[in-house]
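Database features, via Swiss-Prot:
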COMPBIAS  1-11  compositional bias 'Basic and acidic residues'
REGION    1-20  region 'Disordered'
REPEAT    64-101  repeat 'HEAT 1'
REPEAT    283-320  repeat 'HEAT 2'
REPEAT    356-392  repeat 'HEAT 4'
REPEAT    395-430  repeat 'HEAT 5'
MOD_RES   T594  phosphothreonine
Amino acid sequence: MIKKFDKKDEESGSGSNPFQHLEKSAVLQEARIFNETPINPRRCLHILTKILYLLNQGEHFGTMEATEAFFAMTRLFQSNDQTLRRMCYLTIKEMATISEDVIIVTSSLTKDMTGKEDVYRGPAIRALCRITDGTMLQAVERYMKQAIVDKVSSVASSALVSSLHMMKISYDVVKRWINEAQEAASSDNIMVQYHALGVLYHLRKNDRLAVSKMLNKFTKSGLKSQFAYCMLIRIASRLLKESEDGHESPLFDFIESCLRNKHEMVIYEAASAIIHLPNCTARELAPAVSVLQLFCSSPKPALRYAAVRTLNKVAMKHPSAVTACNLDLENLITDSNRSIATLAITTLLKTGSESSVDRLMKQISSFVSEISDEFKVVVVQAISALCHKYPRKHSVMMTFLSNMLRDDGGFEYKKAIVDCIISIVEENPESKEAGLAHLCEFIEDCEHTVLATKILHLLGKEGPRTPVPSKYIRFIFNRVVLENEAVRAAAVSALAKFGAQNESLLPSILVLLQRCMMDTDDEVRDRATFYLNVLQQRQMALNATYIFNGLTVSIPGMEKALHQYTLEPSEKPFDMKSIPLAMAPVFEQKSEITLVTPKPEKLAPSRQDIFQEQLAAIPEFMNLGPLFKSSEPVQLTEAETEYFVRCVKHMFTDHIVFQFDCTNTLNDQLLEKVTVQMEPSDSYEVLCCIPAPSLPYNQPGICYTLVRLPDEDPTAVAGTFSCTMKFTVRDCDPNTGVPDEDGYDDEYVLEDLEVTVSDHIQKILKPNFAAAWEEVGDAFEKEETFALSSTKTLEEAVNNIITFLGMQPCERSDKVPENKNSHSLYLAGVYRGGYDLLVRSRLALADGVTMQVTVRSKERTPVDVILASVG
């Protein structure tokens, strides 16, 4: 009885998988049966299945043991059992990369590939191409060409799919099969036509003109395969995204015509392609949306799901285009498939009116606990978008989100809710206290370190400015008592911010920080000691520098500079100005990296760090000092011209390095000694040009021009440069790429390049602008008033000022409240050379906009530059 029970228990539990407890050594021992005569197909099949199972489970096979098993398996070709033979093909494909001398089966596979048994031919082709390398491919080329045009569809498809894989090994050989692939593309079999189109596209994808011709041919002649139509639509949409013709192109007409295809798959692919095209207008979207609207009432759940998911994406950018589908979407709210119902509601949240929000939120509440975390995140994202659209509904959203926060769920789900509440708190001052209260409640029982530290950071930033800041201290100090080291350290930093901004709370905060100095963790003790000493000085400037605003430098850059400093001992103190500035605030960099991977990882170098390293490797630029700022690329040629050139401006303390990324788009020319000659205006001085040695067809190259900034007038920071690309041309054969021996000099005029005031200023966020304003002081303060007569709204004025100066808006002052006639804009940045620069701009709307600008810095030059450029 006991034995019977054990067996039954084993079958119902983990023992239900017959291969679960396989041992590699035992299976390899069993494989010796392959050498027995006569062959037992049933037993051999079972052993091959075990080998494939082990390989797919990630079991490591040594080269010797894999080769031994492989050679034993080759004897099974003597059997005529169909199932066993096809299992051999599978095993060959799996063991091709781990066994030696696999080419021993080439003759057997070639025999099967050209034999009369159609059931063997397709799998034999796939197995043969898996073991073939570039040197052997020519030996089977004749057979492959025949197979591609074979009348048996499974053989032709196998040959075409294998050709796609062989392109990675020997593109030139496969290119010779293009005529056969074109013949296969006219096949009546839907899969053969689809695979043939795939081969033709991949052979031509680097030649835009050839792809366009292919598309033109197939769109005119038509196709039998719905799969091939889907692929054509994808190719056409890819070309459309790169094209300048946009939606006037015949390609767009082709995609639109596919909306009337008889196959639902093709109709959906066309609708999806139109929706994902950039810069689509509501009128161009209308036919695609109409098709998706019909799919919403389809009896097939897959079609309903596809339609509502795609409409959900459209609603993000074009909510008005989806409004016509609202009735159909409302019918889907009660769909038996919860995924469809969720997407329907979230789409309605994006397209519905303010009055429908309460009703929709009530409907979501009824089933939100039944859906997966993935769809809960979609709901939260929709609510977040709704908060931006209808800020007055924040209280309804906040209540709903706080209830969701209490439910069970994974990290991504909780993170989405926390991010949404944080954005509501930051966008709506009246919701601040309610949002902070919900987050305080959440961190009392939060198992995610990343979220706890993020919330503590927010409490430190927003809590001190609330009417009763003391009520948050208990929640923060509880973290010091109850949590892990990372959360305790974040809590100490948050406490310090309360002490720095609230004089009445300072004595209590000092006591709490003294307790934190007894912590078991070094980081927590160090932070507590540091903040305690700073706060005891009771100086606003110190608080601003070391508590509110923190580091504004690149972390990888600082790590490298400190390492270099330790390698070369010096009596001079370490200079923080030698480190490139961070492109984003340090805390944002940190949180983003941490959210991606919970494990501590090294910060990835930023774009600016990479540029710094590249420029430092060039001898002429070694002594320019730290890279201050790199601009976004500026295009200096039209897209379809002979040469494509764009420029990145690298700003140093006293110099600018212009980096020209050049591409030669002519296949009958090789350019050599490529430089860009610059004629500056005013007092800029061109020091040297570093050429790109050669520019072969379609291969990008880089040349540089070094320019010294004006000495006499430091405020003359803006200027225009005329640019001419000079080079030596060597004509070459377009087919072989071999250039002529002799060349001739030529030049190409580029568009003018402007250096603006924003190129000299790096954005830096000051979380507490008032403290930073006091810290900089009024030693070099200047104030002027300007009339912006051509500007009609405060929003336009704010956007123009931010864009022109290239500075970072602080305290969310880039958002202008509704129905206001005046507004204050706070901007922060660092001027070239490492000088903090703050701008306070008071705007008033009357006949145009009047602007009073106050500028502060610790040096005179940045202040003069700002006022001179604005004036």
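Cβ coordinates are placed from backbone N, Cα and C, and glycine is handled just like the others.
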For the repeat 'HEAT 5' (395-430), what are the same-chain contacts with Cβ under 8 Å, counting residues 6+ beyond its ends? 357-358, 361, 364-365, 368-369, 373, 376-377, 380-381, 383-384, 386-388, 436, 438-439, 441-442, 446, 448, 450-451, 454-455, 458, 462, 595, 812, 815
Same-chain residues at least 6 beyond the ends of the repeat 'HEAT 2' (283-320) with a Cβ under 8 Å from one of its Cβ atoms are 247, 252, 256, 259, 264, 267-268, 270-272, 274-277, 328-329, 331-332, 335, 337, 339-340, 343-344, 346-347, 350-351, 378, 385
The DSSP breakdown of the repeat 'HEAT 2' (283-320) into helix, strand and coil residues is 32 helix, 0 strand, 6 coil
Where DSSP helix means H, G or I and strand means E or B, what are the helix, strand and coil counts for the repeat 'HEAT 4' (356-392)? 34 helix, 0 strand, 3 coil
Over the span of the repeat 'HEAT 5' (395-430), how high is the average pLDDT in this prediction? 86
DSSP assigns the residues of the repeat 'HEAT 1' (64-101) as 29 helix, 0 strand, 9 coil
Would you list the DSSP helix, strand and coil counts for the residues of the repeat 'HEAT 5' (395-430)? 31 helix, 0 strand, 5 coil
